[in-house]
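Undergrad: Feature annotation from TrEMBL assigns site 'Transition state stabilizer' to 17, 22. Here TrEMBL flags 156, 211 as site 'Positions MEP for the nucleophilic attack'.
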Ligand SMILES: Nc1ccn([C@@H]2O[C@H](COP(=O)(O)OP(=O)(O)OP(=O)(O)O)[C@@H](O)[C@H]2O)c(=O)n1
Ligand SMILES: C[C@](O)(CO)[C@H](O)COP(=O)(O)O
């Protein structure tokens, strides 16, 4: 595959459920953010990277990019109130700095175990449908609950746990993030396209492509790192 994509790495969250900045927690000695950036910097499928971080971390991230020689990083920009606002800021930076950008991968910096194989799967899938997101089949039974009472048990065979990267035609997702519908709160980028009536497909993620969110995730992360180093 000779097609490449730009990447927007969103790293501007407050880590409220972790209680401390989860992107700067060392995982076996290398911080979460660096592990994520390593994969994108090393992938031949990624041409340019924009990192979206908090105002407070702008300088730290710029310094880290120099120190780590992440030469594909063309901009480090401040995030917004919500994840979707941070994504939009990243897309705006690509619009400004990468004329003619065709494909973009939007990825959580909090998912440091993404692999180059997942990136490849995502770009291949998006080239088929213009919009494709990483996902894995749900393993638990999921219940819909209202005021502590179960109101529905969706058919598990139709339930998928969604991850990132989420890979899109850049013009498509750029326009969607600037549509009126983008004002509504949504927790992933695919939702926006769904609301606008676009078909979004899934491609295989991985059960190890975890999002570092709460303290317990660090236990699994340490095991994953040790497994990678064997
Ligand atoms: N305003 C925000 C919120 C989230 N993110 C990023 O989006 C990814 C997924 O978000 P999440 O795991 O929820 O991170 P936080 O928002 O930091 O977590 P919490 O909800 O516990 O505060 C993370 O890499 C986070 O840094 C972001 O760039 N801007
Ligand atoms: C985008 C995402 O990682 C897909 O599962 C998830 O929606 C992010 O949610 P968060 O609350 O911003 O972590």
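Any Cβ shown, glycine's included, is placed from N, Cα and C.
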Undergrad: Taking only the Cα atoms, work out how far residue 156 (site 'Positions MEP for the nucleophilic attack') lies from residue 211 (site 'Positions MEP for the nucleophilic attack'), in Å, as a whole number.
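TA: Taking the Cα atoms only, residue 156 (site 'Positions MEP for the nucleophilic attack') lies 22 Å from residue 211 (site 'Positions MEP for the nucleophilic attack').
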Undergrad: Using C-alpha atoms only, work out the spacing between residue 211 (site 'Positions MEP for the nucleophilic attack') and residue 22 (site 'Transition state stabilizer') and round it to an integer in Å.
TA: 10
Undergrad: If you check the recorded sites 17, 22, 156, 211 one by one, which have a CB less than 6 Å away from any atom of ligand 2?
TA: 211
Undergrad: Could you list, ordered by sequence, which of these recorded sites: 17, 156, 211, have a Cβ under 6 Å from ligand 1?
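TA: So the answer is 17, 211.
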Undergrad: Taking the Cβ of residue 22 (site 'Transition state stabilizer') as the reference point, list residues of the same chain whose Cβ is under 8 angstroms away and which are at least six residues distant in sequence.
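TA: In sequence order, the residues whose Cβ lies under 8 Å from that of residue 22 (site 'Transition state stabilizer') (at least 6 apart) are 15, 32, 110, 212, 213.
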